[in-house]
Amino acid sequence: MTMTNDPVVIMKQEVGKAAASRVKSDSIVGLGTGSTTAYAIEYIGERLKSGDLKNIVGVTTSFQAEVLARKYGIPLTTLDVIDRIDVAIDGADEVDPNKNLIKGGGAAHTQEKIVDSLAEVFIVVVDSNKLVDKLGSTFLLPVEVIPKAVTPVMRQLEQLGGKPELRMGVRKAGPVVTDQGNLVIDVKFEGIDDPATLEKTINNIPGVLENGLFVGVTDIVLVGEIIDGKPSVREIC
């Protein structure tokens with residue numbers, strides 16, 4: 001891994017390494033999206049190169065993850081040709097005490113949900129500031145929507161008590177476009193009391209492909225922290 005003196009970067013590296021160390025030979029691995037997950041992908045590649053890990057294939061959740069996996073020499077497959085995923089590693093934008101998540105800051109939550117929900121073991125890697133008492137406390141809820149349905153979907157999200165905004169690109173003109181060619185609406189809720197019900201309700205709105213609530217799918221959360229100036233990793237099961 002890249003050498004650095006930045007304790008935050010070192011902490012993310014340690015969390016990624018802790019997750020990657022749980023990958024076993026002869027397995028199919030879901031490879032998620034995000035800065036911490038990127039270190040897990042890198043370390044899986046290092047284990048393959050050293051011979052510590054053998055005969056694995058990855059299933060990626062985004063174009064970003066695919067690029068990283070290929071960079072680090074991880075063989076890839078697709079959901080069309082496999083019937084299981086042994087372990088998936090992914091990040092999150094918020095994690096509540098029940099290990100429910102908000103994901104989608106990278107606009108990849110639809111593919112992430114497909115891969116993560118199929119995994120026998122789903123490991124979430126985060127830093128401690130992603131832990132919240134209630135989902136929606138600090139992060140907007142992403143909703144992927146087909147382009148023609150943006151306006152009616154936004155109206156229905158408002159009726160649910162949300163404040164929706166179309167996500168715009170940072171280094172491009174116009175809105176963010178997902179890997180599926182759709183748009184993303186970010187919705188502010190003043191705390192989500194019942195994430196399971198809200199997840200289903202939003203997904204039943206015509207024009208919505210998927211939203212960023214992940215309910216009841218997480219097995220393990222690996223949390224990176226800086227204690228007394230030093231990085232550490234703790235596990236929530």
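Residue 1 is the first one shown; counting continues down the chain.
A Cβ is built for glycine as well, from the same backbone N, Cα and C atoms used for every other residue.
Annotated substrate binding in Swiss-Prot involves Thr33, Gly34, Ser35, Thr36, Asp90, Gly91, Ala92, Asp93, Lys103, Gly104, Gly105, Gly106 plus, out of the candidates Lys71, Lys130, Lys134, Lys148, the residue Lys130. In this structure, the binding-site residues Thr33, Ser35, Asp90, Gly105, Lys130 were compared by how many other Cβ atoms lie within 10 Å of their Cβ, and the smallest count belongs to Ser35.
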